[in-house]
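**Q** The structure under discussion is supplied below as C-alpha cells; questions concerning it will follow.
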Amino acid sequence: MGNRGMEELIPLVNKLQDAFSSIGQSCHLDLPQIAVVGGQSAGKSSVLENFVGRDFLPRGSGIVTRRPLILQLIFSKTEYAEFLHCKSKKFTDFDEVRQEIEAETDRVTGTNKGISPVPINLRVYSPHVLNLTLIDLPGITKVPVGDQPPDIEYQIKDMILQFISRESSLILAVTPANMDLANSDALKLAKEVDPQGLRTIGVITKLDLMDEGTDARDVLENKLLPLRRGYIGVVNRSQKDIEGKKDIRAALAAERKFFLSHPAYRHMADRMGTPHLQKTLNQQLTNHIRESLPTLRSKLQSQLLSLEKEVEEYKNFRPDDPTRKTKALLQMVQQFGVDFEKRIEGSGDQVDTLELSGGARINRIFHERFPFELVKMEFDEKDLRREISYAIKNIHGVRTGLFTPDLAFEAIVKKQVVKLKEPCLKCVDLVIQELISTVRQCTSKLSSYPRLREETERIVTTYIREREGRTKDQILLLIDIEQSYINTNHEDFIGFANAQQRSTQLNKKRAIPNQGEILVIRRGWLTINNISLMKGGSKEYWFVLTAESLSWYKDEEEKEKKYMLPLDNLKIRDVEKGFMSNKHVFAIFNTEQRNVYKDLRQIELACDSQEDVDSWKASFLRAGVYPEKDQAENEDGAQENTFSMDPQLERQVETIRNLVDSYVAIINKSIRDLMPKTIMHLMINNTKAFIHHELLAYLYSSADQSSLMEESAEQAQRRDDMLRMYHALKEALNIIGDISTSTVSTPVPPPVDDTWLQNTSGHSPTPQRRPVSSVHPPGRPPAVRGPTPGPPLIPMPVGATSSFSAPPIPSRPGPQSVFANNDPFSAPPQIPSRPARIPPGIPPGVPSRRAPAAPSRPTIIRPAEPSLLD
C-alpha cells in the first residue's frame with residue numbers, strides 16, 4: 001500500500017494537523033494537502049468515496065457540500081471514522097458519518113444553502129485505503145437555485161481559491177469525460193493559481209458514460225490538451241448503482257474490468273483506475289511534503305522561540321508536588337525583591353526603554369522637582385521687603401533706630417526656614433507615590449496568584465506608610481534644628497559689611513555658578529505654540545538655555561540660529577492646556593510689557609508631558625527666570641510705597657535683604673543635600689531590607705499558605721494552553737527530525753504546452769472524444785492515426801517494439817509497411833503497441849489530410865483478428 005516513505009510522511013502530517021488544529025494554529029503552518037476541485041455532478045464525491053471504500057458523503061440536488069471537508073485517510077486494521085469536533089466518539093456506521101457531516105454543516109451555515117470556509121475535520125481509519133489527506137471543496141456552480149445567495153458563484157470561487165492558492169497544496173482537478181475539457185472550471189481555477197502546472201493532477205471521470213463510439217484515449221495519454229502531471233481516468237458508480245446499494249469494492253472490481261477489456265484503454269490499464277490514482281497521489285504528496293519540510297521546520301522553530309521565554313516559568317510546574325506551593329512562594333517573594341531593587345537602584349539587565357523606572361522618577365523628584373519647589377519661595381521680592389520693613393519698625397518701636405537691628409534678620413530668617421516644611425513634606429509624598437507604584441508594577445508578576453499579590457501589596461504598602469511617618473518626623477526635625485540656631489559665622493555667609501555693598505541685581509545673579517562664563521543649563525526640543533497660521537503655525541525648534549539667554553535653532557546641530565532672547569526681565573507663567581491638544585504648555589513674557597519675539601508679547605512653549613514642563617521650569621529657575629507672582633498678593637502695594645519714602649529705612653531693608661538671601665541660600669543648600677539622604681535611609685533602604693528579610697514571615701503569618709498560593713482560573717487556563725502549545729511545537733519538531741533522509745523523491749515531469757488553458761472562454765482545438773466507426777473516411781488508410789491538430793507532442797511509447805526503429809517518411813501520415821496487403825483487418829488488436837501510430841519525425845508544419853469534421857481517424861476493432869503491428 002504505497003511506498004514506505006509515504007507511510008511515514010502522511011501520518012506525520014496527520015499528527016501535525018491534529019496537534020495544531022487543537023490549539024488553533026493549523027492555518028499558520030500551511031501543511032501539505034490535496035484539494036479536490038470539480039463542478040457539481042462531476043463525480044468528485046464518488047472519487048472520494050472510492051478512496052474510503054464506503055458511502056459517507058451527503059448527496060442530493062443542488063449544492064450539498066457547503067463547508068470544506070478535511071479528509072484524512074489512515075491505513076488501519078479496524079475500520080471507523082472520527083471527527084475533530086467530537087473526537088471521543090467513533091463512528092462505525094458510515095450512514096451516521098453522513099448525518100454528522102450534514103448536522104455539523106447546518107450548525108455553522110444554517111439550512112439556507114449558505115456556505116462557510118470553516119472546515120470539518122474527518123479521519124477515516126480503514127484497511128482499504130492508503131494514507132492520504134484531502135480537502136473536499138464545494139462544487140463549482142454558476143446559477144443560484146432556490147434559496148441560494150445571488151453571489152454563490154463568487155463565494156464558492158473565493159473559498160476554493162483560498163485553499164488551492166497555498167503553495168503547499170496539490171490540486172486534484174476532477175472533470176467528467178462527457179464534458180468539453182477546455183471548458184473545465186476545475187482546470188481553469190487550477191491554472192490561475194498554478195500556471196506552471198506543478199501542483200495540478202487531472203482526473204477524468206465518467207469514462208463509461210461517453211457517447212457510443214467515442215473514447216478519451218488522447219486525453220488520458222496527455223496528447224490532447226496536456227497537463228504537466230497528466231491525467232488519470234476513473235470509473236465511478238452510476239446513480240442507479242448507488243441507489244441499488246452496489247458495493248464500492250464491487251465497483252472497483254468493475255472499474256478494473258472496464259479498463260482491461262476496453263480496447264482504447266487496456267494498454268494503459270495499469271496506469272488507470274482508483275488504485276493507481278491513490279498511488280500516484282501518494283508519490284506526488286511524498287515529493288511535496290519533502291519540499292515543504294524545511295519551511296515547516298523553520299516556522300515551527302520561530303514559534304517555539306517566541307514561546308520559550310513565556311513558558312520558562314511553567315516548564316518545571318508539577319501540580320502533584322507537595323512542596324510546589326512552598327517553592328513557588330519562596331521563588332515569587334525572592335523575585336519580587338529582586339525586581340523591586342532593580343527598579344529602584346537601576347540595572348543594565350532588561351532595561352526599559354519605553355518609560356522611566358521608579359528609581360529614575362525618584363531621582364527627578366530629588367534633583368528637579370524639589371529644587372524647583374524651593375526656588376519658588378525666593379522670588380517673592382516685594383513681600384519679603386515689606387516683611388523686613390515691618391520687622392525693623394516693630395523692633396525700634398517708638399524709638400528712631402540708628403543701626404540696622406540683627407533681630408530683624410533672625411526673625412525673617414526663621415520665618416523663611418518654616419516655609420521649607422511644605423516643599424519638603426511634598427517631596428516625601430511624591431517619593432511615596434513612586435514607591436507604591438513601583439510595588440504594584442513588581443507584583444504584576446504575581447498575577448498568577450491573586451491572593452498572594454493582594455497580600456504582598458498590602459503588607460509592603462503598610463510598611464511604606466509606617467516609614468512615611470518616621471521620615472516626615474525626621475525632616476521636620478531637621479528644619480527645627482535649622483531654625484533653632486542662626487549661625488552667622490558660617491563660611492559662606494556674607495556678613496554685615498559685605499551685605500551693605502551688594503545690590504539686588506548682583507544678589508539675583510550670585511546663585512548662578514561661573515557667572516563670568518556662558519553656562520549651558522539645558523538643551524532640548526520645544527514647540528512654539530502661538531505662531532499664527534498665516535506665519536506657518538506651530539513649529540518645533542531646538543532650544544538652548546544658558547545663564548544669560550534662550551536661543552533656538554532649526555535642529556540639534558545648532559548651526560542655523562533662529563533667534564536669541566536675553567533673560568533680563570523675563571518671567572514664566574502657566575498656560576491652560578488646549579481642549580483638543582495633548583501638549584503641555586508654559587509661557588515666557590517680559591515684565592516691562594515689551595514684545596518677546598517679533599510681535600508676540602509672550603511665547604508659548606509646548607512639551608509632550610507635564611514632567612518635561614516641570615523640568616524646563618526648574619532649568620529656567622536656575623537661570624534666574626522666576627514664575628509670575630499672583631495678582632492677589634499685590635493688594636498692599638500702597639503700603640509698600642510708605643516705607644520707600646525713608647532713605648535710611650531703604651538702606652536697612654536692603655542690607656537685611658542681602659543677609660537673608662545669603663543665609664537662606666545656605667539653608668536651602670543644606671536641605672537639598674539632606675533630603676535625598678534622609679528619604680533614602682529612612683524609607684527606601686528600609687523598605688528594600690524589609691522586603692528581603694521580613695516580607696516572607698509577614699506573608700506566612702497573614703494567611704494560610706494554601707490560600708495564598710491558590711491559582712486564578714484564568715492563569716491556570718493560560719498556563720495549560722501555553723504548555724500544550726509549547727509541547728505540541730516540540731513534538732512536531734521531533735517528528736520532523738525523525739524523518740529518514742533515505743526517502744526518495746520522484747522527479748517532476750517536464751513542462752508541456754498548456755496554452756490551451758489561457759483562453760478561458762474558448763473551446764479545445766478538437767473535441768476530446770475520438771469516434772469509432774466501421775466506415776473509413778476517403779483519402780486515408782483506415783487504421784493509421786494522423787497527428788491531432790493540438791500541440792505537436794512526441795508520444796510516450798508503452799510497450800513499443802523495435803520494428804519501428806526506421807525513420808518515418810515525411811510525406812506519409814504513418815508507416816505503411818506494417819500492414820499486410822493494406823488489409824486493416826489482418827491483425828488482432830494488440831493495442832499496447834499502438835502509440836507508434838504517430839510518426840515522431842513529422843514536421844509540425846505538414847498539414848493533416850483528416851477531414852475537418854472528424855477529430856481523429858476512425859478505426860474498426862475486431863478482437864479475433866491478428867495483430868496490426870505484427
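Cβ from N, Cα, C; glycine included.
Annotations per Swiss-Prot:
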- 756-767: compositional bias 'Polar residues' (COMPBIAS)
- 826-846: compositional bias 'Pro residues' (COMPBIAS)
- TYR231: phosphotyrosine (MOD_RES)
- LYS299: N6-acetyllysine (MOD_RES)
- TYR597: phosphotyrosine (MOD_RES)
- LYS598: N6-acetyllysine (MOD_RES)
- THR755: phosphothreonine (MOD_RES)
- 38-45: region 'G1 motif' (REGION)
- 136-139: region 'G3 motif' (REGION)
- 205-208: region 'G4 motif' (REGION)
- 235-238: region 'G5 motif' (REGION)
- 741-870: region 'Disordered' (REGION)
**Q** In DSSP terms, helix, strand or coil for LYS598 (N6-acetyllysine)?
**A** coil
**Q** Applying the under-8 angstroms CB criterion, which one of 38-45, 205-208, 235-238 scores highest with the region 'G3 motif' (136-139)?
**A** 38-45
**Q** Taking DSSP states H, G and I as helix and E and B as strand, how many residues of the region 'G3 motif' (136-139) are helix, strand and coil?
**A** 0 helix, 1 strand, 3 coil
**Q** Counting across all protein chains shown, how many other Cβ atoms sit within 10 Å of the Cβ of TYR231 (phosphotyrosine)?
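**A** Taking all protein chains shown, TYR231 (phosphotyrosine) has 23 Cβ neighbours within 10 Å.
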**Q** Given the modified residues TYR231, LYS299, THR755, state which is nearest to LYS598 (N6-acetyllysine) when distance is taken between Cα atoms.
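**A** Among TYR231, LYS299, THR755, LYS299.
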**Q** Per DSSP, to which secondary structure element type does TYR231 (phosphotyrosine) belong, with helix, strand and coil as the options?
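**A** TYR231 (phosphotyrosine) sits in a strand per DSSP.
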**Q** Count the Cβ atoms, other than its own, that fall within 10 Å of the Cβ of the residue listed as 'phosphothreonine', considering every protein chain shown.
**A** 8
**Q** Could you state the whole-number distance in Å separating the C-alpha atoms of TYR597 (phosphotyrosine) and TYR231 (phosphotyrosine)?
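**A** Their Cα atoms are separated by 84 Å.
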**Q** Any idea what the model's mean pLDDT is for the region 'G4 motif' (205-208)?
**A** 88
**Q** May I ask you to report the DSSP-based helix, strand or coil state of LYS299 (N6-acetyllysine)?
**A** helix
**Q** Fewest other C-beta atoms within 10 angstroms of its own C-beta: which of the modified residues LYS299, LYS598 fits that?
**A** LYS598
**Q** Report the DSSP secondary-structure composition of the region 'G4 motif' (205-208) as helix, strand and coil residue counts.
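**A** Counting residues per DSSP class in the region 'G4 motif' (205-208), I get 2 helix, 1 strand, 1 coil.
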**Q** Within 10 Å of the Cβ of TYR597 (phosphotyrosine), how many other Cβ atoms are there?
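**A** Excluding its own Cβ, TYR597 (phosphotyrosine) sees 17 Cβ atoms within 10 Å.
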**Q** I want to verify one value. Collapsing DSSP to three states, which class is the residue listed as 'phosphothreonine'?
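**A** DSSP call for the residue listed as 'phosphothreonine': helix.
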**Q** If I take the alpha carbons of LYS299 (N6-acetyllysine) and TYR231 (phosphotyrosine), what is the distance between them in whole Å?
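**A** Approximately 34 Å lies between the Cα of LYS299 (N6-acetyllysine) and that of TYR231 (phosphotyrosine).
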